[in-house]
Structures are given as structure tokens and as C-alpha cells.
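Below: the structure, in C-alpha cells.
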Amino acid sequence: MATLEELQKEINNHEGQLVIARQKVKDAEKQYEKDPDDLNKRALSDRESIAQSIQGKIDELRRQLADRVAAGKNIGKERDPTGLDPGDHLKEKSMLSYGNVIDLNHLDIDEPTGQTADWLSIVVYLTSFVVPILLKALYMLTTRGRQTTKDNKGMRIRFKDDSSFEDVNGIRKPKHLFLSMPNAQSSMKADEITPGRFRTAICGLYPAQVKARNLISPVMSVIGFLALAKNWTERVEEWLDLPCKLLSEPSPTSLTKGPSTNRDYLNQRQGALAKMETKEAQAVRKHAIDAGCNLIDHIDSPSSIWVFAGAPDRCPPTCLFIAGMAELGAFFAVLQDMRNTIMASKTIGTSEEKLKKKSSFYQSYLRRTQSMGIQLDQRIIVLFMVDWGKEAVDSFHLGDDMDPELRGLAQALIDQKVKEISNQEPLKL
């Protein structure tokens with residue numbers, strides 16, 4: 001629970017926002033008087049609603065402040081001589097002191113808490129926009145993702161672009177793309193679009209567009225994604241034709257009646273997945289195809305690897321039930337854990353990387369995939385790791401350490417200069 005000082009500070013902040021909101025209302029009134037069209041009328045109505053909302057928050061905060069002050073005045077009268085708070089069931093005072101009262105009124109336990117997304121609603125919403133604004137937003141959440149998230153954490157933001165508009169009574173009105181930027185305490189609605197859900201959905205809906213524009217998340221670029229993606233078609237075809245260690249008998253479906261291959265194993269896996277495919281997954285693919293999206297059909301599709309260019313968070317729902325795709329995403333999640341472990345073992349690296357000693361991309365990916373209705377075949381992940389793991393690890397970006405001779409020369413100059421100007425011990429470079 002907030003302290004009296006925090007409540008007063010929050011009231012002051014909202015009062016400052018209210019002054020600005022009321023000024024915007026006045027500006028909108030002047031604009032509407034000058035040009036009384038529907039667009040200006042809507043703008044005036046929106047700004048009045050914002051001002052009323054802020055005023056409502058201020059009134060609520062003032063009520064909370066008054067309640068806290070009243071509770072503080074009565075606390076001495078209500079306290080039991082034993083030191084127990086009213087309503088406490090203990091017979092003797094606990095060794096622990098009383099802490100905050102946690103308000104649960106805003107929680108609804110019947111609502112999803114972010115574990116399961118309503119992918120059909122999300123895909124329907126996203127495909128209602130033109131492709132340019134979606135790809136530009138993806139750029140802001142991949143290439144510039146860290147800064148965008150940092151600047152807007154804990155808020156619901158809107159992306160706008162001239163390519164995205166809708167006609168309202170013959171008036172061209174901008175159509176904004178809404179996204180939520182949660183913090184650690186946020187509880188997401190089932191159809192609420194977070195950066196992770198957005199990257200997952202867009203990369204699954206438009207993999208060829210993502211590939212053409214090279215839209216890669218920084219967390220993917222440092223784990224050798226480009227090294228595997230640059231010759232993906234040849235790489236995956238070669239891998240599919242390799243003898244499969246998981247099938248000992250000759251394949252009955254092979255044209256040459258030769259040894260079973262990885263392709264044969266994935267065909268078996270596809271048959272099992274076809275029986276597991278959920279109605280929601282079928283509806284998501286159908287709507288995406290009807291909306292004009294070019295979805296991948298097989299792991300050997302030219303753009304299939306690019307569905308994971310956004311991040312190793314989860315497998316997109318548009319390719320979840322394609323044999324090998326969910327496991328390919330899990331392979332990238334394992335690579336991310338491997339790189340974080342390597343960085344934590346080094347003497348260099350950012351403080352954030354050093355803290356990631358217990359990296360859990362894979363466990364998170366596994367949990368999310370299970371919540372979407374599929375169990376990973378970890379034997380396929382083993383095949384990926386055996387055939388591509390070393391090449392990916394050799395392509396990791398681990399940060400270049402300084403040459404020992406260069407470091408020694410630089411440190412000597414630092415030591416000399418520090419001794420000239422200070423009595424302190426020189427720091428190490």
C-alpha cells in the first residue's frame with residue numbers, strides 16, 4: 001500500500017496532467033468552433049473524456065488519502081494491549097511486524113493472467129491493418145525493441161502511420177495500432193497484444209516480408225541465426241535427406257526403399273500432429289490465408305526459419321502444427337540459454353548478461369508451447385543440435401575481448417596518469 005507521501009505525490013502528478021488535459025480541451029473547443037466537422041468533434045469528445053478520467057483518478061486518490069489519515073488517527077484507539085491488530089486470529093503477537101494491506105479489488109481470477117493468449121482474436125485484429133504499419137511496428141520492437149520497451153514500460157501505446165487509415169462517414173481517419181507494454185506486475189488480457197505476442201504473430205503471418213527486410217531481433221542475431229538462415233533452403237533439404245537415427249527400419253514410404261531419413265521421421269510426426277491440431281489453430285490459419293497472408297506449409301519452405309526472427313519466445317500459432325517447426329524454435333531457445341551461460345562464464349560482458357547465469361529461455365518456450373496445445377518432440381531438437389549446433393555456437397556474438405598487449409599498455413598509461421593527479425589506486429581497465 002502506498003504511503004501518505006506517495007499518495008500526495010501521485011495526486012500532484014495527476015493534477016499537473018489535469019491542467020494539461022484541460023488546456024487541450026480548450027484548444028479542441030477553439031478548433032471545433034473554427035471548423036465544426038466530425039473529426040474535430042470527435043477530438044473534442046476524446047479530450048473531454050481524458051480530462052474527466054484524470055479528475056476521477058484525483059478524486060479517488062484524495063479519498064484514499066483521507067481514509068489513510070483517518071486510519072492513522074484511530075490506530076492507537078483500536079490497538080489491542082497484546083499488540084495484535086483487530087481481526088488477527090493469533091492468541092499471542094507474532095515475531096513479525098504488521099506490513100501493508102494488499103488491495104485485491106482490482107483482480108478478477110476468472111480472467112486470463114497472460115498464460116494463454118487468444119490467438120484468433122489477435123490475428124483477426126492484426127490482419128485488419130495494412131502490412132507497412134505492421135512491419136514498421138515490428139522494426140520498432142526488434143531492431144529498436146529494447147529502447148522502445150524501456151521508454152514505454154507499463155503503458156498502452158499506439159503506433160500510427162500514413163499508410164494506415166479508415167474512412168468514417170467519408171472522412172479519412174488515422175487507424176492506430178494498439179500495443180500493451182507490460183511491467184512485471186501487469187496481468188494481460190487474453191486478446192491483449194504485448195511485444196512478445198506481436199513479434200510472434202507478425203513473423204508467423206509474414207515470414208517472407210520479414211526475410212526480405214531482414215527484421216531480426218537482437219537476441220536472435222547474437223546466437224548465429226543469420227549463419228543458419230543465409231542458405232536455409234539448401235541446408236534444410238540436405239538435413240531432411242540425412243539418414244535418421246531415430247528410425248532403424250527402412251522406410252516404407254521411401255521411393256528408393258533405402259534407409260529412413262529425417263524427412264520420413266517428420267512425415268510420421270506430421271501425421272501425429274494432424275490428429276492433435278486444435279480448432280483454434282485451424283481457424284487461425286484459415287483466417288490468415290483468407291486475409292492474404294503467405295503462410296509456410298513445411299519446414300523446408302524458403303522462409304520457414306524466419307518465423308523465429310523476432311525472438312525465441314514461442315512458436316507462432318500459424319505454424320505450430322507443422323512438423324519440426326515448434327522444435328526448431330526450441331532449438332533457438334536452447335542456443336539462447338547456451339550463449340547466456342557462456343557470457344556469464346566470461347570476465348567481460350554487460351552487467352545484465354552476467355546476471356543471466358540461470359537463463360530459462362528453453363523452459364519458458366516449453367511452457368508456452370504446452371499452453372498452446374502441443375508437446376515438443378525433443379528428439380528432433382537433438383537432431384538439430386547434432387547437425388547445426390556447433391556451427392551456431394561458432395557464430396555466437398560473445399563480445400570481443402581486448403588484446404592482452406594492448407590492455408597492458410593502456411593500463412600502464414592509466415596507472416601513470418592517475419598517480420600524477422591523485423593519491424587513489426588506479427582502477428583496472
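We count from 1, first residue shown onward.
Glycine is no exception: its Cβ is also placed from the backbone N, Cα and C atoms.
What Swiss-Prot lists as region 'Homomultimerization' is 1-79 (among others), and the listing cites similarity to another entry.
Taken from Swiss-Prot, the feature region 'RdRP binding' covers 1-50, and the record attributes it to similarity to another entry.
For 1-175, the entry in Swiss-Prot reads region 'Viral panhandle binding'. Along the region 'Viral panhandle binding' (1-175), the predicted structure has mean pLDDT 80.
Residues or ranges marked as region 'Chaperone activity' in Swiss-Prot (evidence: similarity to another entry): 1-100.
The feature coiled coil is assigned by Swiss-Prot to 4-31.
The region 'Disordered' annotation in Swiss-Prot covers 27-46. Long-range neighbours of the region 'Disordered' (27-46) within the same chain, counting only residues 6 or more positions beyond its ends whose Cβ lies under 8 Å from a Cβ of the stretch, are 168-169, 171, 173.
Sequence annotations record features per position, and here Swiss-Prot assigns region 'Interaction with glycoprotein N' to 80-248.
Under the heading site 'Important for the endonuclease activity', Swiss-Prot lists ASP88 (among others). According to DSSP, ASP88 (site 'Important for the endonuclease activity') sits in a coil region rather than a helix or strand.
As annotated by Swiss-Prot, region 'Homomultimerization' applies to 100-125 (among others), with the evidence given as similarity to another entry.
Residues or ranges marked as site 'Important for the endonuclease activity' by Swiss-Prot: ASP103 (among others).
Away from its own ends, the region 'Interaction with host RPS19' (150-175) comes close to residues 37-39, 129-130, 132-133, 136-137, 140, 181-183, 186 of its chain (Cβ-Cβ under 8 Å, at least six residues beyond either end). The region 'Interaction with host RPS19' annotation in Swiss-Prot covers 150-175.
Under the heading region 'Viral RNA-binding', Swiss-Prot lists 175-217, citing similarity to another entry as support.
A Cβ distance under 8 Å defines the sequence-distant neighbours of the motif 'YxxL' (178-181), meaning residues of its chain 6+ beyond its ends; these are 137, 148-149, 152-159, 188, 192-195, 198. According to Swiss-Prot, the motif 'YxxL' annotation covers 178-181.
As annotated by Swiss-Prot, region 'Interaction with host UBE2I/UBC9' applies to 188-191, with the evidence given as similarity to another entry.
Annotation source Swiss-Prot lists region 'Interaction with host DAXX' at 373-429.
Under the heading region 'Homomultimerization', Swiss-Prot lists 373-421 (among others).
Of all Cβ atoms in the shown protein chains, 13 besides its own fall within 10 Å of the Cβ of ASP88 (site 'Important for the endonuclease activity'). The residues of the region 'Interaction with host RPS19' (150-175), classed with DSSP into helix (H, G, I), strand (E, B) and coil, number 3 helix, 13 strand, 10 coil. Assigned with DSSP, the residues of the region 'Interaction with host UBE2I/UBC9' (188-191) fall into helix, strand and coil as follows: 0 helix, 0 strand, 4 coil.
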